[in-house]
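**Student:** Below you will find the structure I want to go over with you.
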Amino acid sequence: MRWLPQISFSSPSSSPSSSLKPVASYSESPDPDRNQDRDRFHRRLFRFNRGRLTRQRKLRHLTDDDVLLGERRASTSSSTFDSGLTRSPSAFTAVPRSPSAVPLPLPLPLPEVAGIRNAANARGLDDRDRDPERLISDRTSSGPPLTSVNGGFARDSRKATENSSYQDFSPRNRNGYWVNIPTMSAPTSPYMSPVPSPQRKSTGHDLPFFYLPPKSNQAWSAPDMPLDTSGLPPPAFYDITAFSTDNSPIHSPQPRSPRKQIRSPQPSRPSSPLHSVDSSAPPRDSVSSPLHPRLSTDVTNGRRDCCNVHPLPLPPGATCSSSSAASVPSPQAPLKLDSFPMNSQWKKGKLIGRGTFGSVYVASNSETGALCAMKEVELFPDDPKSAECIKQLEQEIKLLSNLQHPNIVQYFGSETVEDRFFIYLEYVHPGSINKYIRDHCGTMTESVVRNFTRHILSGLAYLHNKKTVHRDIKGANLLVDASGVVKLADFGMAKHLTGQRADLSLKGSPYWMAPELMQAVMQKDSNPDLAFAVDIWSLGCTIIEMFTGKPPWSEFEGAAAMFKVMRDSPPIPESMSPEGKDFLRLCFQRNPAERPTASMLLEHRFLKNSLQPTSPSNSDVSQLFNGMNITEPSSRREKPNFKLDQVPRARNMTSSESESGQQQQQQQYRSPDLTGTVNRLSPRSTLEAIPSPCPSQRPKPSSSDRRRTGVTSDHL
């Protein structure tokens, strides 16, 4: 085309023939036909090249000025070719050779060329399903741009197909490298997935797996990579939202795994779990991409809006959903169930007492709501005291499992959980006799002491008949229920006598201990029946504790109290009845052989007085203890005993007024029940009114009784 300036600046008198003559004179061969064939061959061989040799020969006949002007234009055109500019929008279609003599200006490079190329790389099904001519045109246009001046695009599709097998791998054309692959459902990713994509047999696409090389201008935003949670396996699939672009037009559900999820810059966008990060690639924490994240995000958003395809099948290992994962129980859950005692039947409640070797709690049954006393003891295998404690607990369990009596606490069971030992016993409320004394002004009436003593002896008689000695009878080990029934508890010091000798060691509490235990006489005695006498001595000390509120010799310390027990007998309270004093003298016999047994003491008049027909029965005592109304309204004969003085004594009344007033009082006031009488007579105990005879056999009140009730002799 360098002969175009010569046409523009030639004189009008010159002709085409004269202008072409220098070409023949400067040719290498004198044959014009041969030169034309050679030129035709060069044009055909260097169609896509510049053809400098031929064009330079045609410019040899020009003047110096024309040659300089043509060389400037040639240098400008050559620099344009070597700059490696990307294609213009007009390069998508072939432009025919223009016959015009006026050269067209070259297009300028566009700023959004990189974004358009990324859009082409990020396309899914649209780029895969394009026609071959469009694909070849795009691939060819990624090289040096061809303008309409030099031509080269006016060729048929057959020649273009032949040339398409040759690829230019130079650094200038590496960005335009394309791979024609079959349609697959996996997204384009800059990383190779070690897990192959599952093939969909339902659509009939039985296609091989593929690998896409990374693009040199691929842009993504590197997010925070997750850290493995301790105790959980590493995930099989990473969340593809780790890259800010989702190049797959087909979106699968996000995988769920019991670990920390990957934080993505685009959390609201769906992801595909088919591609995972290469295991050899080290994880990156909080690495920001040097490229702007909006570069590929905007293209992807516009690309995904127009897709309507079938969803991908879930990959292996990612089929569990969040609901199913949440419903799977933790492997540590069954271990927690085994930590509850008695197969999760009893739940520990509040603390109700502490002993020498453990604590006692209130436990409730989770199925029935029943209550029991749970004794808890910590186990220390290397501690000698703990070994002794375990020995006593085993002895207590062995004894209680063979005892069944209304005046002995019932044994439910026992077990060992980890380093703790549990014993489940009958729960007796409100508690021990010691607690009962503190809650009732520190003392008891003799009638209450008599009733409690009878219950204690009943349990001791049964226990001694089983050849078992308790050895720790005191107020703290005697429990009282709401009905006033006393039960023996705490058999840690108990011993079952099997041999012919009563070999008892020094065990028990000093204030309630028998003197023979301190003198070690029982170890030399051959009569085992004398061993039961230690419980009778302890019973006498407990009676004093109930009557006075403290055990004998309580003013002394432990060692001094032991010396007092060895030398003297406990003092008997002076306020007790003669029957009560005689009962205590029998219990405090220094010689154990002279002490009566529990069965013999049950026949003592101190206890028989409460069993006579003139006194309420045992059931009546228990009902009075509960504050129940147990009597019927009294007869007319006994009403004056319970009348209140409503008329002044010094008031002078006629006989008619007195009779009318007496009738009015009889109609207005009824005899109150025993509960009201008991509450008025004794604020300390509800059993203080028991010694009086029953209403049917009650004698006529004396003058002193009439004064106490406020009834005058005139009213009678």
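Cβ coordinates come from backbone N, Cα and C, glycine included.
Pulled the feature table from Swiss-Prot, pasting it below:
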REGION    1-42  region 'Disordered'
COMPBIAS  31-40  compositional bias 'Basic and acidic residues'
REGION    74-98  region 'Disordered'
COMPBIAS  75-91  compositional bias 'Polar residues'
REGION    119-180  region 'Disordered'
COMPBIAS  124-137  compositional bias 'Basic and acidic residues'
COMPBIAS  138-150  compositional bias 'Polar residues'
COMPBIAS  162-173  compositional bias 'Polar residues'
REGION    238-302  region 'Disordered'
COMPBIAS  242-251  compositional bias 'Polar residues'
BINDING   I352, G353, R354, G355, T356, F357, G358, S359, V360, K375  ATP binding site
REGION    610-716  region 'Disordered'
COMPBIAS  610-633  compositional bias 'Polar residues'
COMPBIAS  634-648  compositional bias 'Basic and acidic residues'
COMPBIAS  652-661  compositional bias 'Polar residues'
COMPBIAS  674-685  compositional bias 'Polar residues'
MOD_RES   T677  phosphothreonine
COMPBIAS  703-716  compositional bias 'Basic and acidic residues'
**Student:** Same-chain residues six or more away whose CB lies under 8 A from the CB of G358 (ATP binding site)?
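**Tutor:** K375, E376, V377, E378, C389, F421 - these are the non-local Cβ neighbours of G358 (ATP binding site), listed in sequence order.
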**Student:** Please give me the CB contact count at 10 A for V360 (ATP binding site), counting all chains in the structure.
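**Tutor:** For V360 (ATP binding site), the 10 Å Cβ neighbour count is 19.
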**Student:** Validating a neighbour-count step here. Other CB atoms within 10 A of the CB of R354 (ATP binding site): how many?
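**Tutor:** Taking all protein chains shown, R354 (ATP binding site) has 9 Cβ neighbours within 10 Å.
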**Student:** How would DSSP class G358 (ATP binding site) in three states?
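**Tutor:** SS state of G358 (ATP binding site) = coil.
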**Student:** Within 10 Å of the Cβ of I352 (ATP binding site), how many other Cβ atoms can you find? Include all protein chains, please.
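**Tutor:** Excluding its own Cβ, the number within 10 Å is 16.
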**Student:** Give the three-state DSSP assignment (helix, strand or coil) for I352 (ATP binding site).
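**Tutor:** DSSP call for I352 (ATP binding site): strand.
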